[in-house]
């Protein structure tokens with residue numbers, strides 16, 4: 001017997017200050033300090049964070065398209081695409097619903113809004129008018145219809161993840177079905193994907209600057225002190241999200257044969273980037289590359305990760321039920337079990353109908369409350385000031401949930417190289433090239 005070990009070029013050790021996650025961490029701390037002591041200057045640095053997010057969004061569509069097309073085109077069994085998508089949706093719906101239920105249970109146990117005694121009539125509904133108007137524009141049917149792009153060009157021009165994914169899946173299937181005639185196209189797309197991933201690496205060099213600007217703006221504009229009045233809600237949300245990640249996702253990871261803590265260490269650069277920018281999209285391209293390096297088949301990564309960004313928003317779901325019950329408790333509205341079940345059912349639907357929108361968490365909450373008559377939509381004004389501080393936690397939880405989901409679905413489908421995963425999670429991931437592009441050496445095993 002023999003096994004194959006990926007060969008990698010020797011790597012020159014980086015000095016600690018050259019490591020990306022160290023640079024991002026320093027940038028976050030510097031942004032907090034600047035925003036706190038010089039709030040006007042901090043607020044003025046918003047363009048740094050915005051520019052970095054735009055740079056990342058510029059390359060998301062090409063990464064998704066090329067990853068999905070080359071992954072699907074390399075399959076010989078087209079039914080496998082349907083199986084992967086079906087298993088991913090089962091996972092997404094199960095854990096998204098569980099996240100909603102956990103948020104509701106914690107809110108009923110902790111009562112973060114009790115004692116505030118807010119009169120609903122005193123709330124300023126105009127403060128959340130922008131979000132509620134966006135919420136009314138969203139519907140489940142409209143969301144599903146919007147997945148189909150008007151043209152392939154419009155999908156790339158708008159940067160809509162699901163539209164690009166939809167076109168990429170169809171293109172990949174078509175390319176696979178033409179057989180040898182499609183090989184020249186595939187031979188062009190594979191090296192092009194490597195060029196795009198190199199572009200990702202170049203863009204990531206600006207990550208510390210983006211994280212610095214985004215964090216300086218957040219602290220400068222809203223101030224750390226703005227958290228104090230609603231500290232119970234913020235603290236409860238962070239603790240609940242931590243419970244979901246380390247207990248629920250930790251058990252899922254353990255059951256499927258890998259360590260959650262090891263996975264978090266493996267994607268630590270991406271986690272710090274998400275923390276600094278409050279955007280899980282900022283780290284989408286590098287997450288896809290790392291999961292492929294860790295042994296997940298390209299076709300699975302290309303389908304599960306982009307879909308999860310719209311259907312597997314665990315952090316957003318926890319936030320929705322927790323925030324809705326907080327508003328009810330703060331305004332002394334007693335929700336019956338029937339009211340809470342209605343809230344849960346509406347949230348299950350609206351979390352899909354408003355997915356993928358900028359500020360999705362707050363807009364989705366508005367969409368939910370506009371349907372549930374018991375909780376005043378104007379109550380969202382209570383949490384408007386601290387929502388920005390909860391967005392980091394939402395983004396981190398969503399991001400970790402999608403990383404775990406991809407590995408689990410790959411394992412279910414038999415498309416996970418466990419040896420590569422073990423090596424990556426032990427710290428050897430950076431020495432691995434993606435499966436389709438690595439050189440290999442043949443080592444005889446002991447008899």
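Quick reminder: no glycine exception, Cβ is built from N, Cα and C everywhere.
Keep in mind that what you see is a predicted model, and the values were worked out from it rather than measured.
Per Swiss-Prot, the range carrying the annotation transmembrane segment out of 155-175, 176-196, 260-280 is 155-175. Feature annotation (Swiss-Prot): of 90-110, 111-131, the stretch labelled transmembrane segment is 90-110. Spatially, the transmembrane segment (232-252) is adjacent to the transmembrane segment (90-110); three or more Cβ-Cβ distances between them are under 8 Å for residues at least 6 apart in sequence.
Long-range contacts of the transmembrane segment (199-219) within its own chain (CB-CB distance under 8 A, at least 6 residues past either end) are made by residues 20, 23-24, 26-28, 30-32, 34-36, 39, 41-43, 45-53, 55-56, 58-59, 63, 272-273, 275-278, 282, 285-286, 289, 388-389.
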